[in-house]
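Structure, as structure tokens:
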Amino acid sequence: MSMKLHVKTWGCQMNEYDSSKMADLLNSTNGYISVEHAEDADVVLLNTCSIREKAQEKVFHQLGRWKKLKVNKPNLVIGVGGCVASQEGKAIRSRAPFVDIVFGPQTLHRLPEMIKEVQENKGTVVDVSFPEIEKFDSLPEPKADGATAFVSIMEGCSKYCSFCVVPYTRGEEVSRPLDDVLLEVAQLAEQGVREVTLLGQNVNSYLGATYDGDTCSFAELLRFVASIDGIDRLRYVTSNPIDFSDEIIAVYEDTPELVNFLHLPVQAGSDRILAAMKRGHTVAQYKDQIARLLQVRPELTVSSDFIIGFPNETDHDFEQTMDLIKYINFDTSYSFIYSQRPGTPAADMPDDVTLETKKQRLAILQDRIQQQSQGIGRKMVGSVQRILVEGPSRKNIMELCGRTENNRIVNFEGDHRSIGGFVDVEITEVHTNSIRGKFIRGEAEMNLRESIRPSDIVNKHENKSAVNSYIPA
């Protein structure tokens with residue numbers, strides 16, 4: 001009888017990607033079947049995030065619920081992974097001794113061996129090391145789940161912003177080899193994936209090794225991925241303005257597969273606060289980057305991250321942030337109240353902005369972003385948008401839903417055979433959280449590239465070590 005696995009995920013798209021790899025790995029090596037409820041599982045894994053406040057306490061609350069399951073099922077294996085595990089491994093072992101496995105983001109590929117050790121009664125297993133890119137060499141072929149997919153291109157970050165724990169929990173920047181990334185994308189395209197999102201803590205700094213000993217920049221990678229037939233839409237997260245080069249901007253000019261949507265975190269609109277955050281750029285530099293992008297992509301919409309109430313943030317600093325929001329006309333944002341992260345330089349700064357002030361500023365900022373988002377949405381009425389159809393609408397299963405290039409959800413009446421493909425839809429109504437449209441045409445009437453097998457995009461060459469490498473044709 002097959003063993004059952006339950007994975008609970010908190011945090012960013014990278015964590016979602018890692019969790020999917022855990023499930024694929026354990027299925028391919030040991031036949032584990034994923035289940036929705038922890039009560040039904042033989043192994044439960046918690047993939048954690050340490051970015052937000054009280055992340056550690058949130059973990060222990062969840063583990064407390066799982067402890068009760070273990071009372072009734074003594075052989076249940078409980079594992080904690082992700083950034084909290086990497087940062088607080090000792091605390092987890094101390095406060096939750098019933099946890100069997102503690103593993104970091106870079107050691108998830110060792111899960112089959114860790115679980116085996118626990119099941120053989122060899123005690124608790126802890127591995128939160130940083131074995132660079134080793135985990136990608138040990139993972140199975142990707143499995144597509146719909147028309148969209150995430151592909152990790154690098155791990156870690158070397159920027160050391162004063163508020164951020166990522167360099168301490170995921171390590172410094174390590175890029176996957178170019179061939180590995182292209183092969184994974186081609187394998188996903190073979191399975192019907194049409195849209196790929198490239199993932200990394202700072203994708204702009206990607207420098208992947210090539211088969212001939214050279215390196216590939218992020219701009220070059222974007223063009224390579226866009227050239228794979230079947231991949232008609234390309235996204236990426238997350239970016240850092242200091243690595244957003246002219247070469248990347250040039251890709252927006254000549255690569256239509258790259259969507260008209262960019263998430264480029266700025267965090268604050270005050271140069272003084274940006275310096276305290278150690279962001280490495282100014283407001284003027286950020287504005288200049290967006291202006292040059294809009295010159296080559298006038299229809300581009302932009303989203304960002306904002307930290308509210310960073311130490312010593314004054315009313316004037318916040319007003320400057322609001323000025324930047326208006327100037328750029330951000331479509332959406334991920335905005336949060338500042339909270340100290342243990343081990344970061346900012347944790348040594350006095351947290352001198354009151355919670356009430358932080359909440360007031362956050363409400364003002366989010367209200368402004370919402371107004372701008374609604375304004376951008378209203379301008380879409382009457383336009384024809386290309387939609388990647390994701391499936392039936394949640395509100396009406398007789399209708400379809402999909403996303404525009406600028407990440408808006410659109411509901412419309414159409415043929416369910418369109419699921420997984422593209423349609424053109426005229427936008428008729430705009431609501432706060434969704435858009436309604438009218439079907440105009442399907443893929444048969446579009447001028448998309450002729451579909452060929454994505455595996456033909458790469459040529460397989462065997463080197464002297466009998467190791468396959470994959471080189472763009």
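Think of each number as a place in line: the chain as shown, counted from 1.
Each Cβ is built from the backbone N, Cα and C atoms, and glycine gets one as well.
Now, the feature entries from Swiss-Prot:
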BINDING   CYS12, CYS49, CYS83  [4Fe-4S] cluster 1 binding site
BINDING   CYS157, CYS161, CYS164  [4Fe-4S] cluster 2 binding site
DOMAIN    3-120  domain 'MTTase N-terminal'
DOMAIN    143-375  domain 'Radical SAM core'
DOMAIN    378-441  domain 'TRAM'
Next item on the list: Within 10 Å of the Cβ of CYS161 ([4Fe-4S] cluster 2 binding site), how many other Cβ atoms can you find? Include all protein chains, please.
Entry: 21
Checklist line | Nearest-integer angstrom distance between the alpha carbons (Cα) of CYS49 ([4Fe-4S] cluster 1 binding site) and CYS161 ([4Fe-4S] cluster 2 binding site) | finding: 17
Next item on the list: Could you measure between CYS157 ([4Fe-4S] cluster 2 binding site) and CYS12 ([4Fe-4S] cluster 1 binding site) for me? Cα positions, answer in whole angstrom.
Entry: 15
Check: In sequence order, which same-chain residues at least six apart have a C-beta under 8 angstroms from CYS12 ([4Fe-4S] cluster 1 binding site)?
Finding: CYS49, ILE51, THR238
Next item on the list: Calculate the distance in Å between the alpha carbons (Cα) of CYS164 ([4Fe-4S] cluster 2 binding site) and CYS83 ([4Fe-4S] cluster 1 binding site), and round it to a whole number.
Entry: 12
Notebook entry, point to check: Non-local Cβ contacts of CYS83 ([4Fe-4S] cluster 1 binding site) (under 8 Å, 6 or more apart, same chain)?
Noted result: GLY11, THR48, CYS49, SER50, ILE51, ALA55, PRO105, VAL165, VAL166, THR169, ARG170
Next item on the list: Within the domain 'MTTase N-terminal' (3-120) only, compute the mean pLDDT.
Entry: 89
Check: Per DSSP, CYS83 ([4Fe-4S] cluster 1 binding site) is which: helix, strand or coil?
Finding: helix
Next item on the list: Report the residues of the chain - excluding CYS12, CYS49, CYS83 - with C-beta within 8 Å of the mean position of the site's C-beta atoms, for the recorded [4Fe-4S] cluster 1 site, in sequence order.
Entry: TRP10, GLY11, MET14, ASN15, THR48, SER50, ILE51, GLY82, THR169
Check: Looking only at the domain 'TRAM' (378-441), what are its DSSP counts of helix, strand and coil residues?
Finding: 6 helix, 33 strand, 25 coil
Notebook entry, point to check: Where does CYS164 ([4Fe-4S] cluster 2 binding site) sit by DSSP, helix, strand or coil?
Noted result: coil
Next item on the list: Please report the DSSP secondary structure of CYS157 ([4Fe-4S] cluster 2 binding site), reduced to three states.
Entry: coil
Next item on the list: Determine which residues of this chain, when CYS157, CYS161, CYS164 are set aside, have a Cβ within 8 Å of the centroid of the [4Fe-4S] cluster 2 site's Cβ atoms, and list them as they appear in the sequence.
Entry: LYS159, TYR160, PHE163, VAL165, VAL166, PRO167, GLN201
Next item on the list: Sort the residues of the domain 'MTTase N-terminal' (3-120) into helix, strand and coil with DSSP and give the three counts.
Entry: 65 helix, 22 strand, 31 coil
